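Taken from Swiss-Prot, the feature 1D-myo-inositol 1,3,4,5-tetrakisphosphate binding site applies to Lys14, Arg15, Gly16, Glu17, Tyr18, Ile19, Arg23, Pro24, Arg25, Asn53, Arg86, supported by similarity to another entry. Marked as domain 'Protein kinase' by Swiss-Prot on the basis of sequence analysis: 150-408. Annotated O-linked glycosylation site per Swiss-Prot: Ser126, Ser129, Thr305, Thr312, Ser473, in sequence order. Under the heading N6-acetyllysine, Swiss-Prot lists Lys14, Lys20. Residues or ranges marked as region 'Disordered' in Swiss-Prot: 114-137, 450-480.
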Amino acid sequence: MNDVAIVKEGWLHKRGEYIKTWRPRYFLLKNDGTFIGYKERPQDVDQRESPLNNFSVAQCQLMKTERPRPNTFIIRCLQWTTVIERTFHVETPEEREEWATAIQTVADGLKRQEEETMDFRSGSPSDNSGAEEMEVSLAKPKHRVTMNEFEYLKLLGKGTFGKVILVKEKATGRYYAMKILKKEVIVAKDEVAHTLTENRVLQNSRHPFLTALKYSFQTHDRLCFVMEYANGGELFFHLSRERVFSEDRARFYGAEIVSALDYLHSEKNVVYRDLKLENLMLDKDGHIKITDFGLCKEGIKDGATMKTFCGTPEYLAPEVLEDNDYGRAVDWWGLGVVMYEMMCGRLPFYNQDHEKLFELILMEEIRFPRTLGPEAKSLLSGLLKKDPTQRLGGGSEDAKEIMQHRFFANIVWQDVYEKKLSPPFKPQVTSETDTRYFDEEFTAQMITITPPDQDDSMECVDSERRPHFPQFSYSASGTA
């Protein structure tokens, strides 16, 4: 492999993801897709070791806009099934053009490299046999899945790029979450985006505590991901009913979450980013399922004040608020917050006023109820360290650090993965179609949410109309 070289460097203004202020950053773009930003221009190798921002432009889509400031450009990527955006601006159109060209050139180069590797792997340089084989090995669907095969029950979430709907598969009576993304968001009008590599990542992901992808398909203007929807209820629901969990019960859930995050970090090189109580569900046996129904929240209006905020602020790690680089350690902060909630019955930092809340997250020392045991205190203190490099799990060992903590001393991690531990609570459901933990308002009566556009029922769009998205239909093998 060639040495990694800097393709372009210079000052950019980067817009904060959560606190929407513009911050000057000195960015380096490298030919391996790394795009890293610093507060000051790095003078030596040591300074280069610790960037504030660390992104990749691989498989990104680039957009230029004159709002909220002139000469703005946005880098958009699909991570997992969630659309992520980074916003920058420069002083002149020429400068923006230079950055855009450099970023596009690097992204295209990486795409070519990946295609060559794919061809090499499938042993055929010219055709799509690699992709075909992949579909076959995943039990190629006997028919194309369409939107008409589901009943639409409830809107679970809505965002800038699409929506998530609770659906029931007519043929089986099983419940799924269908995530529907607008195609135009992901594919630039005049270029083919490199979107579906992520789809492949999802398809190949198998972990007992992660929501599995059951189907993915497309209509003429949407991409649809159909994912498991565990029916043992949200952990949030069970915790609010019981107010607090015992340390043993929290340990069980914590261990399953650690197992799933370890898999994402080490096997998939993905940071989950969105760990919070609402994203944790129980399956019918009482095991954890981490959902992937996340959507970017509605974007703020152009020209809104700097104080505008987007997202769930209570769970944000200090480094995210400061818009510094956040790597895997951000997930361990999230684990700290949800485990604190489970064992203490409240959030570690809370204030209705966002400004005050941010200050607490950044400055306030963590406090514990007197009833909490020393191991639990030690674990939570480690996970909720403000500095991600000092945080438990923040080092190179990642999840292994947490697994070795004395709070988890009696846990056999292979047994966790193999679901050999007995869940401390078994939901009172009789089958996968039992809806007792769903909101009564939508299980009592059949609500029909029409698919996003009436004409979405025109599934069988001929393939010429979807040149951007070859090989998008997917069906998981075996039972869900």
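From the backbone N, Cα and C atoms, a Cβ is placed for every residue, glycine too.
The shown structure was predicted, so the numbers you read here are calculated from the model rather than taken from an experiment.
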The domain 'Protein kinase' (150-408) [mean pLDDT, rounded to integer]: 83
Residues Lys14, Arg15, Gly16, Glu17, Tyr18, Ile19, Arg23, Pro24, Arg25, Asn53, Arg86 [recorded 1D-myo-inositol 1,3,4,5-tetrakisphosphate binders]: greatest CA to CA distance in Å: 17
Neighbouring C-beta atoms (10 Å sphere around the C-beta of Arg23 (1D-myo-inositol 1,3,4,5-tetrakisphosphate binding site)): 17
Alpha-carbon spacing, Arg86 (1D-myo-inositol 1,3,4,5-tetrakisphosphate binding site) to Lys20 (N6-acetyllysine), which is rounded to whole Å: 11
Neighbour tally for Tyr18 (1D-myo-inositol 1,3,4,5-tetrakisphosphate binding site), based on other Cβ positions within 10 Å of its Cβ: 18
Arg25 (1D-myo-inositol 1,3,4,5-tetrakisphosphate binding site), number of other Cβ atoms within 10 Å: 19
Neighbour tally for Lys20 (N6-acetyllysine), based on other Cβ positions within 10 Å of its Cβ: 18
Cβ packing number for Gly16 (1D-myo-inositol 1,3,4,5-tetrakisphosphate binding site), 10 Å threshold: 16
Euclidean distance between Cα atoms of Lys14 (1D-myo-inositol 1,3,4,5-tetrakisphosphate binding site) and Lys20 (N6-acetyllysine), Å: 10
Neighbouring C-beta atoms (10 Å sphere around the C-beta of Lys14 (1D-myo-inositol 1,3,4,5-tetrakisphosphate binding site)): 20
Where Arg25 (1D-myo-inositol 1,3,4,5-tetrakisphosphate binding site) falls in three-state DSSP terms: strand
Neighbour count (Cβ, 10 Å) for Arg86 (1D-myo-inositol 1,3,4,5-tetrakisphosphate binding site): 18
Three-class DSSP secondary structure - Lys14 (1D-myo-inositol 1,3,4,5-tetrakisphosphate binding site): strand
